[in-house]
Amino acid sequence: MKNAPLPEGIRLIDGWFDRDGQVALIAAIRAVVAEAPLYRPEMPRTGKPFSVRMTNCGPLGWVSDRAGYRYQPLHPVTGCPWPAIPEVLLALWGEVADYPHPPEACLVNFYDETARMGLHRDEDEAALDAPVVSVSLGDSCLFRIGGRERSDPTRSFRLASGDVFVLGGPSRLAFHGVDRIYPGSSTLLERGGRINLTLRRVTSPG
Ligand SMILES: O=C(O)CCC(=O)C(=O)O
Ligand SMILES: [Fe+2]
């Protein structure tokens, strides 16, 4: 599946980060998490906890609780501003986003071996002309992507450590999710699991 042509606006770049690059990114994310600890968000309305733990870096961070999904400048548990987006991620955005303004949020998702993420669209950003740029680190996952309607057909492929995935153009509002993690598929994280980083432009400049 990974080799079949992808829908317009989707780019999958296998192995963008080599092992050294992945190790450096993990160090940068550890520094982010030391300042802005991972926490478990809750679903709007029901308050059901996510299986994924999250934090953010950047001027804005994506959060979810009973009140809904939104971006905000402060960590919901510590009340502190999110730390800055690491330079290497700003550089990645500059190389692949094809968008003239920097990202404002980097959502950090941590999946343990049983975590998953249901099909959803990233639609809480005003700047829908900017892509979402995603980096996978640690264990591989089975990623699913469909079309703009929930009922559209989907396809699935594995995302491995170091892969970069760009969701933009006509696919910016495509439904996507993570069906499963493959435990033990990477040695990057000592205790296993998968980290996903998504860079997002939230506000529309001008
Ligand atoms: O973990 C992934 O690869 C996808 C994460 C995602 O879709 C999101 O954070 O909105
Ligand atoms: Fe998403």
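Each Cβ is built from the backbone N, Cα and C atoms, and glycine gets one as well.
Copied over from TrEMBL, here are the features:
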{"type": "BINDING", "residues": "Trp62, Tyr69, Arg70, Tyr71, Asp124, Arg150", "note": "substrate binding site"}
{"type": "BINDING", "residues": "Asn109, Phe110, Tyr111, Arg194, Ile195, Asn196, Leu197, Thr198, Leu199, Arg200", "note": "2-oxoglutarate binding site"}
{"type": "BINDING", "residues": "His120, Asp122, His176", "note": "Fe cation binding site"}
{"type": "DOMAIN", "residues": "102-203", "note": "domain 'Fe2OG dioxygenase'"}
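Taking DSSP states H, G and I as helix and E and B as strand, the domain 'Fe2OG dioxygenase' (102-203) has 3 helix, 45 strand, 54 coil. Proximity to ligand 1 (Cβ under 6 Å from any of its atoms) holds for these binding-site residues out of Trp62, Tyr71, Asn109, Asp122: Asn109, Asp122.
Here the candidates are the binding-site residues Trp62, Tyr71, His120, and by Cα distance the one nearest Ile195 (2-oxoglutarate binding site) turns out to be Trp62. For Asn109 (2-oxoglutarate binding site), applying a Cβ distance below 8 Å and a minimum sequence separation of six or more within one chain yields Val52, Arg53, Met54, Met117, Ile195, Asn196, Leu197, Thr198. You'll find the Cα of His120 (Fe cation binding site) roughly 8 Å from the Cα of Arg150 (substrate binding site).
Summarising the environment of Tyr71 (substrate binding site), the number of other Cβ atoms within 10 Å of its Cβ, over all protein chains shown, is 20. Ligand 2 lies under 6 Å from the Cβ of Asp122, out of the binding-site residues Arg70, Tyr71, Asn109, Asp122, Asp124, Ile195.
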